[in-house]
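Visitor: I have a structure here, written as structure tokens, and I will follow up with some questions on it.
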Amino acid sequence: MTMRIFNFSPGPATLPEPVLRQAQDEMLEWNAVGASVMEISHRTVEFMELAKGIESDLRCLLGVPDDYAVLFLSGGATTQQALLPLNFAAPGQTADYVVTGHWSKTALKQASPYVNINVVADGERGGFQHIPSRAGWRLSKDAAYVHMTANETIHGVEFRQTPDVGDVPLFADFSSSIAADLIDVSKYDLIYAGAQKNLGPVGICVVIVRRTLLERTGQPRADIFTYASHAERDSMLNTPPTFNWYLLGLTVKWMLAEGGVQEFARRNQAKAQLVYQTIDQSGGFYRNGVAAAVRSRMNIPFFLPNVEQDARFAAEAKAAGLLSLKGHKALGGIRASLYNAMPLAGVQALVAFMHDFQQRYG
């Protein structure tokens, strides 16, 4: 019998076992159509009904208002980062970017060929261990939008409140924290999220955008790069990643059945607290320097006394059935990703291993 390990990968990430088992059961034939869902046309009545149901479920899960369009697009968050200025910034216009870690820097880089960038706040001087106070942000007078990254998977910092940016549209990358805690969607004008952390497999991205924004002219671009065109065609302007869409739908249904975002917020707080307590009570053997008020509940980086210990920890953890704990190459150390599908038992196993490792090598 195949053994399932605890997978702490930052993405592609662990998927709920019930979702995997249902997909396994339906692999050869889905919905009595005589074929797999990945084999049928996205234009069939069956798949179009599936797509509508998934959108309805996602709206229910996240509380998406009716005046927002919900798009399911091929690719991931990086693609959206390049499309934002093309769709919503006029030539020569400025966009404001809040830099809180590696991925907000990536968003800025992807947008920079198409819009003038104003960095309103930059946490790099502090080693990305805090989020600069809103009072010190240098917002532009006529910015096309303000962009933020809700959770930084590498440096482990997270916005706990939605920043007030006035009348300027607020855009947010929620790839690693969507559905992890309750948010008021109406406080954002556009949310995008690659699915491979909390929503499903890699290869599909959700975009939630205020419909009035779709009226902006933006810059010259093809239809395939135009959000309004995708909205008009119900995310079927081109052939979508149907199997990924289906798996996303199963994951959303699973989250609803488990109690919705409110329940996962409770679980995620409890899981993260276990790990942070172990770090903070280790007497410095494990270190996490992120300011307590902005510590991520999804991604927890930490360091041992030296790089040799980091490597030994990751190797022994893997042998113990705790997978993908090696930190990102940009930062090093160890990183535990605790997305919605990570069960409490996995975190308890990690914490037990941390205690054992410290006893043996501390």
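Cβ atoms are placed via backbone N, Cα and C, with glycine included.
These came from Swiss-Prot, pasted as-is:
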type	residues	note
BINDING	R43	L-glutamate binding site
BINDING	A77, T78, W103, T153, D173, Q196, N238, T239	pyridoxal 5'-phosphate binding site
MOD_RES	K197	N6-(pyridoxal phosphate)lysine
Visitor: Provide the number of Cβ atoms within 10 Å of the Cβ of T78 (pyridoxal 5'-phosphate binding site), excluding the reference atom itself.
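Guide: So the number of other Cβ atoms within 10 Å of T78 (pyridoxal 5'-phosphate binding site) is 17.
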Visitor: What whole-number value in Å do you get for the largest C-alpha pair distance within A77, T78, W103, T153, D173, Q196, N238, T239, the residues recorded as binding pyridoxal 5'-phosphate?
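Guide: Max Cα-Cα spread across the pyridoxal 5'-phosphate binders: 31 Å.
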Visitor: Tell me which of the recorded positions R43, K197 sits in the most Cβ-dense spot, judged by other Cβ atoms within 10 Å.
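Guide: Compared across R43, K197, the most Cβ atoms within 10 Å surround K197.
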Visitor: Across all the protein chains here, work out how many other Cβ atoms are within 10 Å of the Cβ of A77 (pyridoxal 5'-phosphate binding site).
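Guide: If we count other Cβ atoms within 10 Å of A77 (pyridoxal 5'-phosphate binding site), we arrive at 24.
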Visitor: Report the same-chain neighbours of Q196 (pyridoxal 5'-phosphate binding site): residues 6+ apart in sequence with Cβ closer than 8 Å to its Cβ, ordered by sequence.
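Guide: Within the chain, Q196 (pyridoxal 5'-phosphate binding site) has Cβ neighbours under 8 Å at G11, P12, A13, G76, S175, V202, G203.
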Visitor: Cα distance, R43 (L-glutamate binding site) to D173 (pyridoxal 5'-phosphate binding site), nearest Å?
Guide: 30
